[in-house]
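Data first, discussion second: the structure below is written as structure tokens.
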Amino acid sequence: MFAFMCDGDTCSSLDDDNFKFGCSKVLPGLYVGNYRDSKDASQLEKHHITHILAIHDTARKLHSDKHYLCVMASDSPDQNLTQYFSLCNDFIHAARLRDGNVLIHCLAGMSRSVTVAVAYIMSVTNLNWKDALKVVRAGRAVANPNLGFQKQLQDFETSKLLEERRRLKERYPSLALVKQDEEQCSVMLNNYEKLLSTRDICEGRCSMGEKCPAGVCRMPTTKRSRRQSSTTSGNRSQSETSVTRSSSTLSIRPKSGPAALPSHTNSAPASRSGSRLDLSASGTGTLTAPNTPATTPPVSPVRLRGRRKISSPATLQEVPGS
């Protein structure tokens with residue numbers, strides 16, 4: 001496992017210049033970026049972004065002309081992201097099969113968004129989690145999942161990956177992306193080795209005080225530790241539970257821990273955390289891929305948060321303008 005020395009999106013030593021990368025292409029039709037990128041209409045137009053997967057604490061729809069999947073999750077090592085991998089995979093893969101371009105973003109474009117991208121690449125190729133991370137890092141040098149997310153990717157590989165690959169092949173029998181993804185991954189892995197040899201990329205193991213080429217490793221001036229960051233996150237998560245409903249979203253604020261998965265419309269995989277999904281029809285805007293035997297989740301925003309289990313499903317209505 002890579003010995004990263006900063007806590008993903010919350011790394012205080014990250015130079016602000018690293019937030020100005022712009023969207024980073026990791027596969028045809030798949031980009032990783034930060035919150036600033038997600039608001040930049042010119043960037044979205046430049047890369048022809050049609051779908052946005054937002055995963056951070058306050059994920060919400062920002063552009064009425066884009067299809068959204070919003071996942072509320074913190075950048076804490078104990079935040080369970082594995083439970084969302086199948087849902088995110090469906091959103092990304094169906095969009096790409098329909099020639100859409102997907103942007104996955106969190107706040108810094110380093111930890112949460114990268115974890116989701118790595119899980120997807122693992123699921124649609126034969127790569128393990130370390131090689132899938134190299135593919136992402138070759139396109140985005142600051143890619144740096146926190147240690148908890150790395151462990152989740154490792155566990156996903158050993159216990160759930162084969163099942164997820166089989167599920168995706170059954171749900172999306174089209175082979176349209178297989179060859180190009182394999183070729184692109186091969187190119188990215190070769191580029192990764194070249195970048196590593198020229199010190200233009202980092203695996204997160206720079207010595208204390210040594211200048212990190214990607215700006216992700218801890219510097220001597222760092223005052224905020226991962227332990228402090230984790231403690232702060234934990235204190236925030238112990239607030240009282242509140243549930244807010246509207247005609248378009250469901251937001252759940254748990255007392256602590258990883259998010260449970262609220263209800264979703266149309267066909268979707270079972271939640272990894274025991275949460276339930278509502279598989280009722282939702283009208284227009286579904287993510288149906290070519291030759292897909294079953295309908296896929298809608299492209300309307302879904303807000304997800306917290307470890308709290310939901311005992312009964314709730315139907316989410318699509319946001320107007322999707």
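Glycine is treated like the rest: Cβ placed from N, Cα and C.
Summarising the annotation, TrEMBL assigns compositional bias 'Low complexity' to 228-253 (among others).
Feature annotation from TrEMBL assigns compositional bias 'Polar residues' to 263-274.
Annotated compositional bias 'Low complexity' per TrEMBL: 283-294 (among others), in sequence order.
Residues annotated as domain 'Tyrosine-protein phosphatase' in TrEMBL: 22-162.
Taken from TrEMBL, the feature domain 'Tyrosine specific protein phosphatases' applies to 89-140. Across the domain 'Tyrosine specific protein phosphatases' (89-140), the DSSP tally of helix, strand and coil residues reads 33 helix, 4 strand, 15 coil.
Look at TrEMBL and you will find 213-322 tagged as region 'Disordered'.
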Checklist entry - Tell me, what is the mean pLDDT of the domain 'Tyrosine specific protein phosphatases' (89-140)? => result 97
